[in-house]
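This report refers to the structure that appears directly beneath it.
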Amino acid sequence: METVQLRNPPRRQLKKLDEDSLTKQPEEVFDVLEKLGEGSYGSVYKAIHKETGQIVAIKQVPVESDLQEIIKEISIMQQCDSPHVVKYYGSYFKNTDLWIVMEYCGAGSVSDIIRLRNKTLTEDEIATILQSTLKGLEYLHFMRKIHRDIKAGNILLNTEGHAKLADFGVAGQLTDTMAKRNTVIGTPFWMAPEVIQEIGYNCVADIWSLGITAIEMAEGKPPYADIHPMRAIFMIPTNPPPTFRKPELWSDNFTDFVRQCLVKSPDQRATATQLLQHPFVKSAKGVSILRDLINEAMDVKLKRQEAQQREVDQDDEENSEEDELDSGTMVRAVGDEMGTVRVASTMSDGANTMIEHDDTLPSQLGTMVINADDEEEEGTMKRRDETMQPAKPSFLEYFEQKEKENQINSFGKSVPGPLKNSSDWKVPQDGDYEFLKSWTVEDLQKRLLALDPMMEQEIEEIRQKYQSKRQPILDAIEAKKRRQQNF
């Protein structure tokens, strides 16, 4: 008798959460696996959809965040249906959090891959990524949407090598009544000149950012990354368009592609549709050429996670041993105090007590953080606070955030006498800096660090003075245009 083997029917692919799933608690529909990182306005987790077995990404957003911006992001994602844009599946309210369920891209962002491998991309790899990215931008721009934050950190790759646009926390919708925007939103080094100048911009602002991203993928960082961001804000609109540090290393086609992206006049800048016909993009190879670098990056990430887990396990063991030592009331002393007993202390060395430890634990025990990097500011996703004060340009908030981080990092450090008040030190009129020779290296380094806030203040004063002169001219031009239209 012939036996018939029964095969399990294949699970359907998740396209959108149905009404039944959306009425349940999210834990009934998904199993959360691990934290991936921080996104705009919230944390991002890897999860599995129980019914289909499909892996998804879930952004958990505290409701005290700017709900208007969150709703805008969801609205934009809901309207998009492209293989080159991260898909949106549905949303839940859970306690004080909003859960946004999105497509999962297992390879992470392009910037993550560059960091993990400690290696920049080849022209072939860049061309393949740019081709998919341009298709995503062509789709968005056709839908009258501006991404406004194109960079390697917001281009995600799935494990097959397909690139998708992500992080719509600052994306905008162009309407018939407002053909251009005049708000400064985005990441400073990638911003187009017209965005910085606040003279209004449209979809081709994303093309400038794409050109900067192409340089970032080739060289590991965007132009001006080595200088203070506030200086970059002034240099981008006034300097000629940036290019490669060593142009001779790159082909004519690649150099020309970047040149067409980085045209300062928006009216003369190429569109996404035009750039898809550029020889550099048209000759791009298939996504299979990205699989080696993806596998290499994922191997590095796995090894780092395993190393972090080993550190946690080791710390747990040390903690356990310390607990055993501290469990008794009395501990035998060592050294000169042989034969005496004293109470064991569990306080740290810096606790200003008269009792010393038998064993000193590290001041900060290692904690495992999934997918954490040292360079958080360039990570795949990050929380943006620019909507907290709508009247303030976002790049200024970027600098303020940096200043807060610097203050936190330097908290508690004593400042040498000559550096306590930066205003006490004046630049010598005669240019005689001999007195600096008597300062220690530490004093000199702290003096150097103190110059940055002074420079930011001076630059801001210059910016305000420049704006006060520039605005009346712009107002006069606008008034003349209106009068001409009336005639």
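The backbone N, Cα and C atoms fix where each Cβ goes, glycine too.
Just so it is clear, the model here is predicted, and its values are computed rather than measured.
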Coiled coil per Swiss-Prot sits at which of 59-79, 143-163, 248-268, 290-310?
290-310
Round to the nearest Å and give the CA-to-CA distance linking GLY42 (ATP binding site) with ASP149 (active site, proton acceptor).
17
Measure from the CA atom of GLU38 (ATP binding site) to the CA atom of ASP149 (active site, proton acceptor) and give the result in Å, rounded to a whole number.
16
Hey, how far is LEU36 (ATP binding site) from SER265 (phosphoserine), Cα to Cα, in Å?
39
Whole-number answer please: how many Å between the C-alpha atoms of SER265 (phosphoserine) and VAL44 (ATP binding site)?
37
Taking 10 A as the limit, how many CB atoms besides its own sit near the CB of ASP149 (active site, proton acceptor)?
24
If you run through the domain 'SARAH' (433-480) with DSSP, how many residues end up as helix, strand and coil?
45 helix, 0 strand, 3 coil
